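Feature list (source: Swiss-Prot):
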DISULFID  Cys29-Cys54  disulfide bond
DISULFID  Cys33-Cys50  disulfide bond
MOTIF     29-54  motif 'Twin CX3C motif'
Amino acid sequence: MDPLRAQQLAAELEVEMMADMYNRMTSACHRKCVPPHYKEAELSKGESVCLDRCVSKYLDIHERMGKKLTELSMQDEELMKRAQQSSGPV
């Protein structure tokens, strides 16, 4: 696969993953913070605060997980390089 096509696929996958994360966050926070039977057309103060906190926590955890996965991936790459260097030419 040529590098340009690989880059396009990676970008498409990233957009798809972000859309999925947004949809899951929206659904989870809506279920948690907004009752199924609306009493008013507008969000109440409590609902609004709940949604704000829920989204904030969701994004914070998403960022932390991304950093940890990047860290683990870099460690794996380093271990692979060391293993290749120690095995030497075959």
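A Cβ is built for glycine as well, from the same backbone N, Cα and C atoms used for every other residue.
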Distance, Cys54 (disulfide bond) to Cys33 (disulfide bond) (CA atoms, angstrom): 8
Integer Å distance between the CA atoms belonging to Cys29 (disulfide bond) and Cys50 (disulfide bond): 8
Segment confidence, the motif 'Twin CX3C motif' (29-54), expressed as mean pLDDT: 94
For Cys54 (disulfide bond), the number of other Cβ atoms found within 10 Å of its own Cβ: 18
The motif 'Twin CX3C motif' (29-54) - residue tally per DSSP class, helix then strand then coil: 15 helix, 0 strand, 11 coil
